[in-house]
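Please read the structure below before turning to the comments.
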Amino acid sequence: MDLLLTNARLVTLQSGEMGYQPSTPMSIGIKAGKIHYLGIDTALAATKQIDLKGKLVTPGLIDCHTHLVYAGNRSNEFEMRLQGVPYQEIARQGGGILSTVYGTRQASEAQLLEQTLPRLDGLLASGVTSVEIKSGYGLTLVDEIKMLRVAKSLSQHRLVKVTPTLLAAHALPPEFTGRANDYIEFICQEIIPVVAEEQLATSVDVFCESIGFDLAQTERVYACAVDHGLRVKGHTEQLSNLGGTALTARYQGLSADHIEFLDRAGVEALARSSTVATLLPGAFYFLRETQLPPIELLRQFGVPMAIASDVNPGTSPFCDLTLMMNMACTLFRLTPEEALRGVTQHAAQALGYAESRGQIKTGYDADLAIWQIEHPADLSYQVGTQRLFARVVDGQFEQHKECCDE
């Protein structure tokens with residue numbers, strides 16, 4: 001073995017009720033970045049051995065929806081909104097999403113990296129080992145590629161796995177004002193082929209909404225993405241029920257995200273597919289929304305529910321995935337087990353890694369979070385304390401610098 005972790009209380013999150021219950025002290029043997037052994041043997045030959053002294057071990061957390069790479073700051077808009085200034089007026093004054101677009105376009109790759117790393121560090125401190133990162137603040141070929149390159153480069157600076165997603169269909173750039181169909185054609189003809197050829201992303205996302213892109217435009221992007229060998233996912237049913245979730249499910253999309261206005265027909269479409277329902281409680285909270293996602297219907301039809309941070313400067317400036325677990329429980333009434341599975345097992349499925357990440361299981365990637373807590377429910381219950389002891393990513397052990405052993 002390359003690494004042997006002993007005296008670990010495992011929360012494997014394998015299917016079934018026992019997957020959530022902490023085990024008696026066990027050992028985890030890791031070889032070539034994979035979980036090679038799970039059992040009680042503490043004397044296996046290993047290059048490195050660490051006694052965890054009864055600490056709780058879960059799969060590494062997976063943040064399956066973020067907009068982590070961007071430049072600029074929109075805290076002034078936060079103040080304006082709290083003073084009652086409508087979004088339309090904020091946008092007229094140069095704010096809103098286009099202010100982030102302008103800032104991101106002007107920033108170099110080095111500047112984007114410098115601004116992104118502190119946000120990434122926040123996620124890692126909450127136990128994240130895998131993170132999805134979308135483009136969408138460039139809206140030109142050059143700037144979308146710039147964002148994706150910065151996203152991919154993060155794993156060279158931090159111990160983390162990055163899954164880049166192309167979100168050129170995030171907003172209408174000023175150059176295409178009044179010409180949404182032309183912009184969609186530009187994405188399909190100019191951006192997607194280059195991103196696919198250079199392997200800068202594994203999937204393509206679309207903001208399918210009344211203030212974004214309609215169903216026909218979304219399907220045009222989906223069809224193009226699939227033609228280029230890329231998976232699809234969607235921002236759907238956040239502000240209205242357009243049918244974007246059902247469309248995403250029809251294309252066997254990885255996930256449909258937000259879904260506050262999803263109806264029964266949309267839930268049934270998800271149930272007939274492998275598409276995951278991703279809940280984004282941070283945006284719900286920050287925007288003070290009132291329309292709850294249909295949690296009971298999703299449970300009734302057995303649709304897997306992932307949870308993500310949706311880190312972005314406008315609607316979810318939160319860099320702590322355990323805070324999102326707490327919000328999912330308090331705002332959406334998920335159980336702590338559903339919340340933990342939502343940032344591990346189901347988040348892995350939402351990124352296409354259901355057979356390699358999100359569970360502690362032999363043959364799976366050795367991606368682990370090691371905690372100084374008694375029970376997994378503590379992750380959803382308490383926020384703000386230094387609970388993370390260490391992370392393991394592809395078998396590499398990294399102790400959290402803010403946490404000390406007892």
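Along the chain as shown, residues are numbered 1 onward.
Quick reminder: no glycine exception, Cβ is built from N, Cα and C everywhere.
What Swiss-Prot records for HIS65, HIS67, HIS235, ASP310 is Zn(2+) binding site, and it gives sequence analysis as the kind of evidence. For the recorded site, HIS67 (Zn(2+) binding site), the DSSP three-state label reads coil.
In the structure as shown, the Cβ atom of HIS67 (Zn(2+) binding site) sits within 10 Å of 25 other Cβ atoms. Here Swiss-Prot flags HIS65, HIS67, HIS235, ASP310 as Fe(3+) binding site, drawing on sequence analysis.
Marked as 4-imidazolone-5-propanoate binding site by Swiss-Prot: ARG74, TYR137, HIS170, GLN238, THR315. Secondary structure at ARG74 (4-imidazolone-5-propanoate binding site), taken from DSSP and collapsed to helix, strand or coil, is coil. The Cβ of ARG74 (4-imidazolone-5-propanoate binding site) has GLY95, SER99, THR100, PRO313, GLY314 as same-chain neighbours under 8 Å, each 6 or more residues away in sequence.
Under the heading N-formimidoyl-L-glutamate binding site, Swiss-Prot lists TYR137, ASN312, GLY314, citing sequence analysis as support. The local packing around ASN312 (N-formimidoyl-L-glutamate binding site), expressed as other Cβ atoms within 10 Å of its Cβ over all shown chains, amounts to 26.
The Cβ centroid of HIS65, HIS67, HIS235, ASP310 marks the Zn(2+) site; residues of that chain outside this set whose Cβ lies within 8 Å of it are THR66, LYS134, ASP257, HIS258, LEU280, ALA283, ALA308, VAL311, ASN312, SER316, given in sequence order. The 10 Å shell around the Cβ of THR315 (4-imidazolone-5-propanoate binding site) contains 19 further Cβ atoms across the protein chains shown. The C-beta environment of HIS235 (Zn(2+) binding site), restricted to residues of the same chain at least 6 apart in sequence and closer than 8 Å, consists of ASP205, VAL206, PHE207, CYS208, GLU209, GLY212, GLY244, ASP257, HIS258. Between the alpha carbons (Cα) of TYR137 (4-imidazolone-5-propanoate binding site) and ASP310 (Zn(2+) binding site) lies a span of roughly 14 Å. For HIS170 (4-imidazolone-5-propanoate binding site), the count of additional Cβ atoms within 10 Å of its Cβ stands at 25 [all protein chains shown].
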